[in-house]
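Summarising the annotation, Swiss-Prot assigns ATP binding site to Ser42, Lys45, His130, Lys150, Tyr159 and lists sequence analysis as the type of evidence. Swiss-Prot lists Ser42, Lys45, His130, Lys150, Tyr159 with the feature CTP binding site. Positions annotated as Mg(2+) binding site by Swiss-Prot, on the basis of sequence analysis: Asp54, Asp56, Asp107.
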Amino acid sequence: MSVEEKVLELIRPDDKDRERLEKVAEEVLSRLKGFDAQIQGSFRKGTWLKGDTDIDIFVFYPKEVGKEYLREKSLKELIQLFQDLNYEIAFAEHPYLILKINNVEVDVVPALKIDSGEDVITAADRTPFHTKFVTTHLDEKGKDEVRLLKQFMKGIGVYGAEIKVKGFSGYVAELLTIYYGNFRKVLESAKTWKPPIKLNLVEPKRDFDEPLQIPDPVDPKRNTASAVSLRNIAVFSLASKIFIERPSIEFFFPTEIKAEEIIGDILLIKVEFKEKSVEDIIWGQVWKNVEKLKNAIKTAGFSLIDIGAWGNSQTVKIAVQIEDKNISRYYLNQGPYFYVNGVDNFMRKNKYVWVGEDGRLYSLKKRRETNLEKIVLNNLSFKENFSVEMTWLSEINQDDKELHKFLRKRPTWMQT
């Protein structure tokens, strides 16, 4: 039995799985009588994975009611229908409901009914056209090929188009399978990818500038892969190359290996948000803060090894790994050659100045700050109310899986 066959046995849902989700979907749809309510997403397309316990139900309104109706009145209508259930309000382009029924998560999403994927008023409006395109281009074998690709992406950590992950969406996995034909062919091509990667199921109706470009077959002005970061493209390409050479179930279900040592000095920053917020909004700010911290730490004179972030919309951890937290108060500042314009300015601005053997002027400059905690506090900012707790890592929390990944660096699938 091949690796793919073994994996399919683990990820292909059976009749019992399907019946369980169908029962929940029927309960929700029964409350939406009188509305144009439809099951959408991977469950409808037949590309969902065993163990996935979420269903997308879209409630379509006439496009004439407009976006404002979805933002205000539709939510009130839906809450009234489901107020006796365990629900929460979530936000994307407009609010929607998340229901929890028998350990199944149901997203009830209002959208506008449009004539084609190019007539979108909100991003959710395209969904039925995506569903139709995928279901008309994939047979049952093709759906299994998508399942393999999704699980492979999950296993190597590049699955999910949300801002936190910046990876491949389920729809992109489906389009890749349709474009190349099957899971193996996707990987065979991906191992040789070099940005910009242009995969045209349809001709694009505008130019894209992202590293991976897959125009949406239902709206060719849109790049379906715009969310995928260069890092995740690199990880997927490298993992594809290694899998083709040495197939292993490790790519799909990686072994959790504990980190054994702390290399360098690591400052662990724990950010707690006082109010609940939208995860995409939080993580958009997290990554901006990470970039800001990178620049500030390097500018301050620390040798930065790595910086990583993990968590959710309530608690975020940022790990800063540097070679040494103790740096000198002064540093060598290289100036111009003696015959270059700017010598006078350099001498005027610096106190400890001398001429080097190479004919350049040099000076000693005092660092503005040598305390990394203060640098972090001065550069960390969020729109939400938050608190910060910082500790220098002296021992490894055995329960923090993401910390172990950060410390270990090398993923388990990266065989030599």
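Cβ coordinates are placed from backbone N, Cα and C, and glycine is handled just like the others.
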I want to check the contact list for Tyr159 (ATP binding site): same chain, sequence separation of six or more, C-beta distance under 8 angstroms. What comes out?
Lys150, Met153, Val165, Gly167, Phe168, Gly170, Ala173
Greatest Cα separation in angstrom, residues Ser42, Lys45, His130, Lys150, Tyr159 binding CTP per the record, works out to 18
Other C-beta atoms within 10 angstroms of the C-beta of His130 (ATP binding site) total 23
Drop a 10 Å sphere on every Cβ of the binding-site residues Asp54, Asp56, Asp107 and tell me which sphere holds the fewest other Cβ atoms.
Asp54
Would you pick out, from the binding-site residues Lys45, Lys150, the residue whose Cβ has the largest number of other Cβ atoms within 10 Å?
Lys150
On a C-alpha basis, identify the one among Asp54, Asp56, Asp107 that is nearest to His130 (ATP binding site); the candidates are the binding-site residues.
Asp56
Between C-alpha atoms, which of these binding-site residues comes nearest to Lys45 (ATP binding site): Asp54, Asp56, Asp107?
Asp56
